[in-house]
Amino acid sequence: MGLFSRNEHPSGTLRPVRRSYYDPASAPGKGVVWEWENDNGSWTPYDMEVGITIQHAYEKQHPWIDLTSIGFCYVIDFGTMSQINRQTQRKRHIRHRLDLIYPMVTGTLPKSQSWPVSQGTASSPPGPPCSCPQCLLVMSVKAAAGANGGMGLLPPMPARKNMPTPSGTKLPPPPGAGLKPLDGMGTIRGPGKTMTSQVNRRQASSTPALSSSASPASPPGATSKNGRVALATLNRTNLQRLAIAQSRVLIASGVPTVPVKNLNGSSPVNPALAGITGILMSAAGLPVCLTRPPKLVLHPPPVSKSEIKSIPGVSNTSRKTTKKQAKKGKTPEEVLKKYLQKVRHPPDEDCTICMERLAAPSGYKGPQPTVKPDLVGKLSECGHIYHLHCLVAMYNNGNKDGSLQCPTCKTIYGVKTGTQPPGKMEYHLIPHSLPGHPDCKTIRIIYNIPPGIQGPEHPNPGKSFTARGFPRHCYLPDSEKGRKVLKLLLVAWDRRLIFAVGTSSTTGESDTVIWNEVHHKTEFGSNLTGHGYPDANYLDNVLAELAAQGIAEDSAALEKD
């Protein structure tokens, strides 16, 4: 039978959905739902695996079942139909009811799917769950574990006091009680015998043997043939061998690889390897192939001075910018006059700057410009209409560089410049290729801006600003389009549009040098942060970003010689 589980989120976030398969004789196959009573008196169903475990014990007519072995510190007492917390002794009512039976699956199960191996549940079907490479590997490892003697190896657990049930009987001690901690040789010492945790070195190196333990979830007197493997007894070498063996099988069967981090951890049992080996041993869930994650490669291999070359078709190898030169003799009214047409009969619309009707005077309340508040003008290229009063105020609050940008459609009138602090831009060729561009060399750009004092065009004039992370190295492919992007970046640098002074979106630091809406690639040999290669759309995207700043292909003609 199949069961879908789904989480819906109103935020629109996509969540994975998977399908699980259960024995038709289990609780969902019979339509049985186990629930516990919460604080407000309503009933909450147990998770599917917990409900299956409870139903199995109930059908076997066990008086109680301890859920500690599946990760819950509760005892279910069927005599009083209650759930008892082992730590707090709190009791809650439980119940079971009949619900719709989940649909049955016809035919053979898909590969890598089987009855979940849950401690205390119904026994697994005879033979291997399926014939996929992963399950065959699992069965071979479990068979090797059984051939190793079937000796139980359990991790040490702190001893807890026995808790009486409501009927007055004593619960058995939790799994592992009475065992002393591991000694320096990695063995568990119990009453009357010593159990070694050394793995039989004569096993095949690709699939190290693992000892299995009896299921601690079973009621007294019961044993399980599907006990979990004691992963804590394996050293890192054996875990790596097991993971490599699994990876080889899965790669051969076409399973996608999944990078797993922390492969060089310092813990006795590597968390990533222990987790993936646990998935392998349980033979449940989707197949996962263990691979090493790609490394962050920020910089190219070392390059000697003799290997650095100038870029054909681009003059010089560096550019400098200085402080902004104030333009004289241009009042705001004179600047706007070049881009506006007067409108004698304004339409019955709002001015999108002050939100007052165009037929009414401007709603701007700041320092009064010299133009009348009821004059209305239309921008010549895009046709949007505003109060002249509002446009003058907007210009005075900007960079005052002789350009104007429509606040509605962002059309730029004149040559837009920015507030980038003084600095230096270097650019040259290096004899290495970027990922995704194997047939060409690489253009390296080096930006260097020192800290300084903010000028009148900056957010806090007279206050110092910081410059973190300089020099900043950026990379372009030395292709036709890559050189085009470089030429436009040179124009943007001359117009002081690459950087600005503001608040960093990464660190939250204010009064610091930040990127100004033109993305650069700062990773040379990887793309782990999204700022590297390969990225098939990057050059087109950055051309669009430059165009939004008023820098198009014909702007390269403005490049300095």
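The backbone N, Cα and C atoms fix where each Cβ goes, glycine too.
Caution: TrEMBL annotation is automatic and unverified by curators.
Among the features that TrEMBL reports, region 'Disordered' is placed at 1-26, 157-226, 300-332. As annotated by TrEMBL, domain 'WWE' applies to 20-96. Per TrEMBL, the feature compositional bias 'Polar residues' maps to 194-203. The feature compositional bias 'Low complexity' is assigned by TrEMBL to 204-224. The compositional bias 'Basic residues' annotation in TrEMBL covers 320-329. The domain 'RING-type' annotation in TrEMBL covers 351-410.
Model confidence over the domain 'RING-type' (351-410) stands at 89, taken as the mean pLDDT rounded to a whole number.
Broken down by DSSP into helix, strand and coil, the domain 'WWE' (20-96) contains 19 helix, 28 strand, 30 coil.
Mapped onto DSSP helix, strand and coil, the domain 'RING-type' (351-410) counts 9 helix, 10 strand, 41 coil.
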